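Student: What follows is a structure written as structure tokens; I'll ask about it next.
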Ligand SMILES: Nc1ncnc2c1ncn2[C@@H]1O[C@H](COP(=O)(O)OP(=O)(O)OP(=O)(O)O)[C@@H](O)[C@H]1O
Ligand SMILES: [Mg+2]
């Protein structure tokens, strides 16, 4: 039975594509045949993060409109043979996605894959609604910041009322909170919302905490999902996140600030 | 916290606390609005217009909420009049 997971947020630039790339690679590395779909029609990014931009011939919209077969459009990852990418169209607009079209593609993918990861565009409009509509699980990516938390709450409202599961009185979409760009030192200083604050407001179970990390930028420069940078804090935090998705019970790491030396504490820095 | 920060702290409330309080209010309000009937914003606007015939008030001095407590709904209208 295939599981459809949407990576969503409402607010833009919070780390959805970074997360989609990391989680899909992690699931594939754990031996699960996984496909990651870029729903950001017109603004595709996932192909860059996955380092397959020059291999894109056909895209998601071509498949929906019958101009290409799914097999022609799917790109096999060079690092992991269990991972496939379905790129977004660069030239169309989001209205090219229809419920029927998306459903047909997903149904076909379900025959072949264990996990289908949907990388949502920002916003709460059509594109984002198409990305989440058929989801079984949702990873709600949230930054510790007022507007991001607020938008996450709105996306949760949409998952609970406008998803396929909601409209057909099925068990609700399984919601998971992923806090990204977290900086524990700033929480201690009282400058940033804490994990407990965010959990308290959103009331969704916490899947993981990804620290603010230089490794993410390095990874995107190189076109490698950050989860492959096994020495980095963000890479390890994503490893834990994937393990939890697969049912492992792991403690959260990188949530406390590094202990400072005495001089640092007195004089700051 | 360093000794330099000690002096500047506490005068102003830590911004993370402010953020949390604002979020609690925003989120509670939006959750109610989400489940509210679609006529509510228009009704709120008309109530505002009626009040403004008599006193000048700001948008945020009027609060209209529909609360559902089981077997009946309560329409709560709160108006803060300026002194
Ligand atoms: N944990 C992190 N630490 C540091 N930088 C990060 C982290 N996560 C994401 N970023 C950076 O934030 C930016 C936005 O990330 P990303 O593209 O994944 O967000 P997005 O939610 O997909 O954006 P959009 O809404 O535009 O699709 C990128 O420059 C990325 O490198
Ligand atoms: Mg993105």
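Backbone N, Cα and C atoms are what each Cβ position is placed from, and that goes for glycine too.
So TrEMBL says this about it:
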DOMAIN    A:3-156  domain 'AAA'
BINDING   A:11, A:12, A:13, A:14, A:15, A:16, A:17, A:18  ATP binding site
Student: Same chain only, sequence gap of 6 or more: which residues have a CB within under 8 Å of the CB of residue A:13 (ATP binding site)?
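Tutor: In sequence order, A:122 meet the Cβ cut-off.
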Student: What average pLDDT does the predicted model assign to the domain 'AAA' (A:3-156)?
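Tutor: Across the domain 'AAA' (A:3-156), the average pLDDT comes out at 96.
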Student: A:11, A:13, A:14, A:16, A:17: which of these binding-site residues put a Cβ within less than 6 Å of any ligand 2 atom?
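Tutor: Only A:16, A:17 meet the Cβ criterion.
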Student: Determine, for the ATP site, the additional residues of the same chain whose CB lies within 8 Å of the mean position of the CB atoms of A:11, A:12, A:13, A:14, A:15, A:16, A:17, A:18; present them in sequence order.
Tutor: A:9, A:19, A:122, A:141, A:180
Student: Quiz question: given the binding-site residues A:17, A:18, which has the greatest number of C-beta atoms lying within 10 angstroms of its own C-beta?
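Tutor: Counting every other Cβ within 10 Å of each candidate, the maximum falls on A:18.
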Student: Using all protein chains shown, find which of the binding-site residues A:11, A:16 scores highest when you count other CB atoms within 10 A of its CB.
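Tutor: Ranked by Cβ atoms within 10 Å, first place goes to A:16.
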Student: By a 10 A CB contact count over all chains shown, which of the binding-site residues listed here is most packed: A:12, A:15?
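Tutor: Of A:12, A:15, the one with the most crowded Cβ is A:15.
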Student: Just how many other Cβ atoms lie inside 10 Å of the Cβ on residue A:14 (ATP binding site)?
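Tutor: There are 25 of them.
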